[in-house]
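Novice: Below is one structure. I have some questions about it.
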Amino acid sequence: MNNQITNVYIWDMDETLILLKSLLNGSYAEAFAGLKDAQKGVEIGKMWEKHILQISDDFFFYEQVCLEIENCNKPFLEALSKYDDGQDLSDYDFNQDGFSPPHDDLNKRKLAYRHRLIANKYKQGLHNILDPEMMDLWDALYKMTDEYTDGWLSSARALLEQCLAGNEDPTICNTVAGGVVRSNATGSRHINVLVTSGSLIPSLVKCLLFRLDNLISHENVYSSWDVGKLQCFQWIKERFDNRNTRFCAIGDGWEECEAAQTMNWPFIKVDLRPNSSHRFPGLTLRTVGFYFSIVYGNPDSENDDD
């Protein structure tokens with residue numbers, strides 16, 4: 001369909017889709033002027049930090065790739081795919097393959113192998129990685145956090161589902177390859193992309209832990225740690241752009257705001273304050289559609305741009 005609209009939603013992670021830094025530094029609780037227990041927020045944040053680092057190290061090579069060997073953070077998992085020769089990794093010993101500096105082609109291939117395994121684990125989900133006891137701890141922490149934040153996590157997740165569907169009923173959609181969803185109601189395509197300032201491996205683990213992995217595919221997760229958000233936005237535009245593609249960035253920081261302005265994309269600034277409508281719960285598909293319409297107009301085929 002030549003006139004098919006594609007909507008690309010470019011999300012920040014921390015203090016947008018999830019809360020972590022604001023729990024750890026108390027700024028989330030401060031916004032409630034004493035109505036929230038700040039110490040409880042800090043304790044919740046510390047538990048998340050512990051889980052994120054433990055799973056990153058134990059299952060996703062974080063200590064080996066990014067802490068022991070410098071300059072190994074990449075902006076996305078496919079960055080070294082040209083070095084991957086497709087070797088069967090079933091019996092590959094990642095602890096004995098001699099992965100180390102310098103960053104020559106041989107070691108880039110070894111890093112590409114690790115990225116391939118990380119992508120496969122991401123697609124499999126945490127239930128295929130963690131034991132039942134750890135799954136129970138994670139589930140309890142998620143519920144505790146969602147309750148403490150008045151449903152921030154579950155509301156953000158619900159909006160991601162609605163964005164993918166292009167409709168407030170997320171069941172009206174078909175998933176196709178590459179984390180792209182086609183709305184049955186409108187015929188349009190919808191894509192969630194994550195651009196985070198955190199390093200890549202912990203960011204992928206956050207997606208898993210905060211239950212975003214079935215809404216944002218691994219190939220749509222970008223780390224701006226080394227390259228900046230504007231560069232990531234430019235890559236995303238090159239990857240998805242055609243004359244009927246519309247982009248919208250959503251986040252809480254100045255960097256994504258400036259990058260969106262440079263790209264001439266609408267930007268929705270997330271606000272932690274409890275009286276704001278640009279937070280979770282609060283931000284709606286109708287509001288997102290309004291921001292799209294300001295920049296791109298209001299095509300008749302888009303029911304959500306009212």
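Including glycine, each Cβ sits where the backbone N, Cα and C put it.
Sharing the record's features from TrEMBL:
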type: BINDING; residues: Asp12, Asp14, Asp252; note: Mg(2+) binding site
type: ACT_SITE; residues: Asp12; note: active site, nucleophile
type: ACT_SITE; residues: Asp14; note: active site, proton donor
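So where do these features actually land, and what's packed around them?
Specialist: Listed in sequence order, Leu20, Lys21, Thr196, Ser197, Gly198, Asp252 are the same-chain residues at least 6 apart in sequence whose CB falls under 8 Å from the CB of Asp14 (Mg(2+) binding site).
Sequence-distant neighbours of Asp12 (Mg(2+) binding site) (same chain, 6+ apart, CB under 8 A from its CB) are Leu194, Val195, Thr196, Ser197, Ala249, Ile250, Gly251, Asp252, Gly253, Glu256, Val270.
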Novice: Which residues, same chain and not among Asp12, Asp14, Asp252, have a CB within 8 angstroms of the centroid of the CB atoms at the recorded Mg(2+) site?
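Specialist: After dropping the recorded site residues, what remains is Met13, Glu15, Thr16, Leu17, Thr196, Gly251, Gly253, Glu256, Val270.
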Novice: Give me the count of other Cβ atoms within 10 A of the Cβ belonging to Asp252 (Mg(2+) binding site).
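Specialist: Its Cβ shell of radius 10 Å holds 20 other Cβ atoms.
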